[in-house]
Amino acid sequence: MLLWGALAGFVGALATIAFRECIALLQIWMTGHDGSFVDIAKGLPWYTRVLLPTCGGVVAGLFLVWAKRTPAGNGGDYMEAVAIGDGAIPVRNTLLRSISSLASIASGGSIGREGPMVQLSALCASLVGKFSHFPSSRLRLLVACGAAAGITSAYNAPIAGAFFITEIVLGSLVMESFGPVVVASVVANITMRELPGYRAAYEMPYFPEIGGWEVMLFLVLGVLAGVLAPQFLRVLELGKHGFGKLRLPLPVRLGVGGLLVGLISVQVPEVWGNGYSLVNSLLHTSWVWQAVLMVLVVKVLATSITVGSGAVGGIFTPTLFVGAAVGYLFGDAAQALLPVHISQPFAYAMVGMGAFLAAASYAPLMAILMIFEMTLSYQVVLPLMLSCVVAYVVARSVDGRSMYEITLKRHRDNEERLRLRGTHMSELIRPAETVLHEEASLEEISALFLKYPVKYVYIVDGRQRYLGVVALQDITSWLLDKKEAAGRVARDFLRPHFLHEVTPDMSLGEALQLFLDHQGERLPVIASADDPQLLGVVFKTSLLDAYFRLDRAGN
């Protein structure tokens, strides 16, 4: 599987390069320039800044309508294809959505390009697997390898790319799957480096040496990122909700989104693009805090509009920008307010990128490794680890939002599995309606059997202690034999210890084992063996339902 992982890494890198070159060609065709979206926007007249995103949105919407008319199968998204699907990614649907994304990105949409890049890389790996007639389990792993190659190629971070897929998509670190994913990431990175035009995703400056007490500031930055990241995701959701209320045709909706972004860019051209050039600017030039705050607010608004209108793309890179801006503002404020010397704001911007990403993605390990790979500085490790972990914990506590739905599903499943594993019979007890005293007459027993379609009636003494059961079979045989019924009571037909007794402290597994030896639908629940007070019954259907939910949550 390692060789197949290498092949997936190679084709994934080629797919990423192809998408990137298509963006550059479209830029030149539409504006006559290539390079940074912000620089291009600044060089265009105001009406072009408005017209391009509007037209790009309409074109993107048309392709998206076409894509929606094609079958997406069970795994349209690569994360779903790996986590809950069979690994097959629909070709036509993915290509049409990628073209739609090209139109949105190349026309200045405030959205990331990494989403379609990774999707295309995963598609190439899926095609390789299907042509080689891979079974579903191996196909899913190969698609994961392709996705890791896409992340690596987009950010030139092979370790982070491997851990992104392992931590978010696969959900666990198992060497049988981690090995091929690592190989795919390495091959993708080597391929990118050997081809012309290679450059690091972000031009990171040298990270300064951090004093012992200053680490506490990075802890505070982690708390801030953990609080703000869910709010950023909430703003994106509000954008989707707002556009959803308009009930406009998809091309019109994306066109309106492009129009709004274009109007904003007349005054603030920095809203164009995914924020990549803005991050580099924050890391290498001095900004006044008012300018950073303004660009941050407007950029978040533009991203919410673009994402909310339905544009296809990623929010990974915009999240990195927001984290960098928050970190820069925090560092600038700390430098101005504290009487002692601290690091420059760009250092806090670098750590802020990782902390915000960890809080938004629920993947702190991936965030730590990505920023470390970008800086290749050991000095960043301690403040970065502290900020990322704190941001993740705070975000989980503040709001259960994640930028990846599959992560939320996995966390919900884990919580459900833990809850069910701790479930005891006390939570499944229902009233035992077929209960009679040991002195109940044969007529009372017969009446109860006629009222309830059961095979057994539970018998208790005067202190409500469980004694055993009276079986319908015994009563029926007695009556058919026309034996004397006068004076007969429940105690005369009693079967003590005929059924297994369940206790409230039993686990699901223990109770299920008792039902395996019993053909009926229910079993009596007693307080304990020493105190056999009848508490009620537990039904097999309730027990199996809880057990199957536990099984589903574990898969």
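Just so you know, glycine gets a Cβ as well, placed from its N, Cα and C.
Checking the ranges 287-308, 441-462 against TrEMBL, the transmembrane segment annotation falls on 287-308.
Listed by sequence, the residues of this chain that lie at least six past the ends of the transmembrane segment (320-340) yet keep a Cβ under 8 A from its Cβ atoms are 217, 220-221, 224-225, 228-229, 232, 274-276, 278-279, 282-283, 287, 289, 292-293, 295-296, 299-300, 346-357. Each residue in the domain 'CBS' (494-554) has a pLDDT score, and their mean in this model is 77.
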